[in-house]
Amino acid sequence: MERRRGMGKTALLAVLCFCVRAAAGSDPEAEMNFEGIESKFSLRTPAEPDEDVCYLVPGQMDSLAQCNFNQTSKTFVVIHGWTVTGMYESWVPKLVDALYKREPDSNVIVVDWLVRAQQHYPVSAAYTKLVGKDVAMFIDWMEEKFNYPLNNVHLLGYSLGAHAAGIAGSLTKKKVNRITGLDPAGPTFEYADAPIRLSPDDADFVDVLHTYTRGSPDRSIGIQKPVGHIDIYPNGGGFQPGCNLGEALRLIAEKGFSDVDQLVKCSHERSIHLFIDSLLYEEKPSMAYRCNTKEAFEKGLCLSCRKNRCNNLGYKVNRVRTKRNTKMYLKTRAQMPYKVFHYQVKIHFFGKTSVTKVDQPFLISLYGTLDESENIAFTLPEISSNKTFSFLIYTEVDIGDLLMLKLQWEKDTFFSWSDWWTPFAFTIQRVRVKSGETQKKVVFCSRDGSSRLGKGEEAAIFVKCLEQPVSRKRGGAKKASKENSAHESA
Ligand SMILES: *[C@@H]1O[C@H](CO)[C@@H](O)[C@H](O)[C@H]1NC(C)=O
Ligand SMILES: *[C@@H]1O[C@H](CO)[C@@H](O)[C@H](O)[C@H]1NC(C)=O
């Protein structure tokens with residue numbers, strides 16, 4: 001408390017000077033001096049994931065044995081972010097618990113930098129350098145004194161903690177295996193150079209989830225630019241489903257005001273819960289797809305898995321390392337388990353007269369071997385006569401192999417004179433559907449050769465065509481992927 005009140009410009013200046021010196025490479029003698037370490041390393045246990053029962057102390061060999069650190073298993077190091085209350089947030093024990101459920105023999109360490117994390121945001125943001133240095137010293141100590149393989153170390157940092165993890169990774173003498181950045185903080189880091197923020201150089205593999213990247217880059221809570229080998233933007237990365245005000249009010253009614261703090265950061269914190277989801281629901285892995293823009297993803301143009309274009313979100317990510325950062329997208333549910341199934345739908349709208357309409361509401365129903373998903377609502381930004389349109393739909397239901405499809409063009413919710421005066425219908429012969437999760441393509445045919453699709457009229461029904469596209473040989477595949485990338489860059 002004393003220190004907090006006393007934290008002024010001088011102290012901050014001292015912090016910054018210290019960092020400059022640290023970056024310039026302090027002498028080796030000082031490096032074995034652990035006195036400057038203020039962060040604490042709490043080895044949590046599966047039995048009490050929410051309690052700090054034992055601290056590992058750099059320089060004190062016996063603390064490892066006292067805390068039952070398992071030197072033959074892997075270690076997760078969890079780094080929290082900025083905190084208003086000065087206390088751990090409720091996600092910490094949830095993540096610890098999920099890590100132990102998935103890897104019961106592992107060591108889950110929570111880095112406690114709460115004192116430095118409860119300052120004014122810019123002060124706490126500057127402290128990430130010292131926290132990163134603390135963590136790096138701790139890891140180097142384990143490596144040097146116990147030959148603990150850094151190949152066993154996975155850092156997980158949330159918000160400011162993601163940048164602390166990145167700094168730690170850049171300072172360790174050998175590279176740690178993996179860093180997962182959970183919605184790394186945006187303010188002061190969006191335009192920062194790689195050494196003082198999370199970047200792909202900080203570990204053998206760096207994966208990042210971006211869940212709350214709204215507004216102009218310097219105002220966005222989460223960093224907008226890609227900072228890892230793989231950067232996943234669930235639901236476009238801007239805002240997460242279930243985090244709107246209505247949902248917040250429902251939760252307050254249910255649980256009272258205690259979790260208001262959580263609600264404010266709902267989208268930001270979703271990054272953590274998506275990772276927890278990947279630990280707990282192994283059999284329901286969420287798939288993300290590489291895409292140049294979220295607009296192209298919304299059109300369903302990016303559901304390819306060729307050449308590592310798709311990947312698992314979270315714990316079981318495939319370590320794909322490309323020279324350029326890879327941006328990936330997916331949709332999710334509003335609650336855990338978050339997994340949905342993605343489909344690209346392609347339709348050619350035949351029209352006798354030349355008609356263009358914007359923002360048209362549709363309902364699509366899919367029927368398959370396992371289940372069905374009815375009345376999935378979507379809006380087409382534009383449709384016009386004799387043109388093909390592609391769009392993305394998704395459902396939480398595992399439909400299995402597709403058998404039948406219904407399409408309905410809805411009335412506008414408001415009364416529109418133009419629709420009343422000029423009733424209009426398109427004609428549709430085929431609907432092409434590609435599943436992201438199975439990579440299977442199905443062509444649906446109208447049962448009568450062509451079906452009428454009129455606004456406000458009943459649904460048009462399509463069944464699997466008798467002749468299906470044959471699976472493409474190599475040459476064809478190449479051509480198709482070229483088409484895809486052309487779409488992507490379009
Ligand atoms: C340490 O972890 C290994 C697996 O990595 C496991 O076989 C062993 O039982 C663990 N030791 C203790 C004491 O829990
Ligand atoms: C659309 O194409 C069909 C034939 O495929 C044609 O009969 C019709 O006139 C075309 N509509 C327009 C608006 O060009």
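The backbone N, Cα and C atoms fix where each Cβ goes, glycine too.
Record features, source TrEMBL:
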ACT_SITE  Ser159  active site, nucleophile
ACT_SITE  Asp183  active site, charge relay system
ACT_SITE  His268  active site, charge relay system
COMPBIAS  480-490  compositional bias 'Basic and acidic residues'
DOMAIN    341-464  domain 'PLAT'
REGION    471-490  region 'Disordered'
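Broken down with DSSP, the domain 'PLAT' (341-464) shows 5 helix, 78 strand, 41 coil. Mean pLDDT for the domain 'PLAT' (341-464) in the predicted structure: 92. A distance of 5 Å separates the Cα atom of the residue listed as 'active site, nucleophile' from that of Asp183 (active site, charge relay system). The Cβ of Asp183 (active site, charge relay system) has 30 neighbouring Cβ atoms from other residues within 10 Å, across all protein chains displayed. Taking the C-alpha positions, the distance from His268 (active site, charge relay system) to Asp183 (active site, charge relay system) comes to 6 Å. For His268 (active site, charge relay system), the Cβ neighbour count at a 10 Å cut-off comes to 23, with all displayed protein chains included. Around the Cβ of Ser159 (active site, nucleophile), 33 further Cβ atoms fall within 10 Å across all displayed protein chains.
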